[in-house]
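Copied over from Swiss-Prot, here are the features:
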type     : residues : note
BINDING  : Glu355   : [CaMn4O5] cluster binding site
MOD_RES  : Thr3     : phosphothreonine
MOD_RES  : Thr3     : N-acetylthreonine
TRANSMEM : 57-81    : transmembrane segment
TRANSMEM : 122-143  : transmembrane segment
TRANSMEM : 166-188  : transmembrane segment
TRANSMEM : 243-263  : transmembrane segment
TRANSMEM : 279-300  : transmembrane segment
TRANSMEM : 435-459  : transmembrane segment
Amino acid sequence: METLFNSSVAVSGRDQQSTGFAWWSGNARLINLSGKLLGAHVAHAGLIVFWTGAMTLFEVAHFIPEKPMYEQGLILLPHLATLGWGVGPGGEVIDVYPYFVVGVLHLVSSAVLGFGGLYHAIIGPEVLEESFPFFGYDWKDKNKMTTIIGIHLILLGSGALLLVLKAMFFGGVYDTWAPGGGDVRVISNPTLNPTVIFSYITKSPWGGDGWIVSVDNMEDIIGGHIWLAFICIIGGVWHILTKPFSWARRALVWSGEAYLSYSLAALALMGFIANCFVWFNNTAYPSEFFGPTGPEASQAQAFTFLVRDQRLGANVGSAQGPTGLGKYLMRSPSGEIIFGGETMRFWDTRAPWLEPLRGANGLDLTKIKYDIQPWQERRAAEYMTHAPLGSLNSVGGVATEINSVNYVSPRSWLSTSHFVLGFFLFIGHLWHAGRARAASGGFEKGLDRENEPVLSMKLLD
């Protein structure tokens, strides 16, 4: 029988008297108990992985193959589909068994993490330094903190490499730009040119430039992950082998709450970037799985009505609309031929179903007359009625002319949730950064519990 590190499983060291924090402060009570804090983190990871596995199985159980993913309120299966599992040409789901396997693997993993969390929270050593010096730490030990940063960076780089390996050697990934409407393909020639990869970072975030969100091919996405993996792993090794420079020792606040604030800022930034990526990008987030982007749905409506009226005999190249501009086609500010009407504001939209109809100077009139394929018509008609707002238009941010019923786009859900979560994470960063700086400066005040206003208020009854 194993000898317990703690002879008692009582909550000593976790009450207000011994830690200075009440129960509602959560893990703040464990600031100086590295073993118990490890248990809290491992258990938290178990909860996250459990949700992932359970929700994946829930989506598999409710999945209807005849309907597109974005019409079924799915947010996990679309991510698995982008990795090339269970899908074929055009994004058609041909096998849900891989999704079932992923869900079960996550459930099993969550059980292991859950037991690990309980072990470290109840049975394991309260302080790691005494029993396992390598895993122990002191918040003010700058060298140990940068070593921990290095380990995290190596893990992040390894995660980026996993996507690279899947795309290049283990079956490929789904590419919405594959000819004929998208397909799973192996990315055998990723972009490694640093000029191409790092030019995304220097792009303007406004208009058609779109910063890193403008990436529109899988070669650049996988090449970017190769560069990220290289930078993260090299950076991780650097931080493990070196000590912080003197300027970093002076400039940064070295405390547990400071590290929490740094982490929250990083997560907030990721949330804001993910928000933009999900909303605008249809390469990393293919419209076959996540639904069309707003501009894409608007262009799809113009295209659908152009196809209809052209079959009815309209001369789409010269027909005028009520404003005197082209009804179906017009010129962009840079002289390209674009769709007319209200969708003119989205003239620089790029979509796999539309690009084959472009020529050297925008939309090619000859291709529009003779080369439109049935799959393009079907996809545009589907996207037209599945705009991420539930509508093609909005006035002052309020959706108007609703043209879909009982529909919430995964694109709307994911972008909104990531923005909201990113916002609150940023507020958390400001809060904890302020507290950490105040504590470091020696002027942290906190709340005066003895003179709280609530103590002088009348009872509710």
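Using the three backbone atoms N, Cα and C, a Cβ is placed for every residue, glycine included.
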Check your understanding: Taking the transmembrane segment (279-300) as the reference, which of 57-81, 122-143, 435-459 gives the largest number of Cβ pairs under 8 angstroms?
Key -> 57-81
Point to revise | Chain residues in Cβ proximity to the transmembrane segment (243-263) (below 8 Å; excluding those fewer than six residues from its ends, i.e. six or more beyond) | key: 31, 139-140, 142-143, 145-146, 428-433, 435-437, 439-440
Revision key, fill the gap. Cβ atoms other than its own within 10 Å of the Cβ of Glu355 ([CaMn4O5] cluster binding site), all chains, total 10
